[in-house]
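Working notes for the structure below.
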Amino acid sequence: MIEFVYPHTHLVAGVDEVGRGPLVGAVVTAAVILDPARPIVGLNDSKKLSEKRRLALYDEIKEKALSWSLGRAEPHEIDELNILHATMLAMQRAVAGLHIAPEYVLIDGNRCPALPVPSMAVVKGDSRVAEISAASILAKVTRDAEMAALDIIFPQYGFAQHKGYPTAFHLEKLAQYGATAHHRRSFAPVKRALELAS
């Protein structure tokens with residue numbers, strides 16, 4: 001992996017998203033400015049960490065970061081805008097929610113939303129940039145908790161297990177029970193289920 005070279009600035013925010021692929025729920029983003037005086041050991045892409053480790057880091061990031069913020073785009077916004085534009089909106093909301101204005105923003109992936117400060121997209125940033133790794137952890141823990149809460153209301157869909165992604169089990173239950181109000185109606189499998197139900 002090519003070592004990432006940071007921009008020459010102090011207040012760098014990292015931004016990442018979770019939940020572009022699922023058929024249900026919001027896309028959740030986070031923005032994090034880390035404190036160089038309070039390093040956090042073991043930051044890595046949230047998908048590579050165990051749930052226990054993620055939860056421990058989640059608490060540590062919230063405690064030690066100079067500033068952190070969550071952003072989101074709800075299913076109806078995803079349906080209105082499309083998933084890419086809704087993700088960009090959620091990222092803008094996360095950055096706007098920081099109580100300290102960053103001087104530079106590093107975003108996981110290959111494109112940046114329009115922001116009032118300079119920004120750069122970093123491919124595989126969640127495993128190369130500590131701030132993006134931290135954002136990835138906050139976003140994933142938050143969204144996973146939302147899926148667990150939704151699972152209590154709709155136990156038949158198995159949201160706690162598949163987190164809303166289009167697994168064979170989820171698609172089977174979608175066909176069997178139809179879509180909930182939390183499903184993304186513009187996504188093809190949900191659209192099909194709605195057409196079958198009508």
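Heads up, the Cβ atoms here are built off N, Cα and C, so glycines get one too.
Of the residues ASP79, ASP108, ASP144, Swiss-Prot places ASP108 in the same divalent metal cation site as ASP16, GLU17.
Each of the binding-site residues ASP16, GLU17, ASP108 was ranked by the number of other C-beta atoms within 10 Å, and first place falls to ASP16.
Within 8 Å of the Cβ centroid of the divalent metal cation site, not counting the listed residues ASP16, GLU17, ASP108, the chain contributes VAL15, VAL18, THR29, ALA30, MET91, ILE107, GLY109, GLY125, ASP126, ILE132, ALA135, SER136, ALA139.
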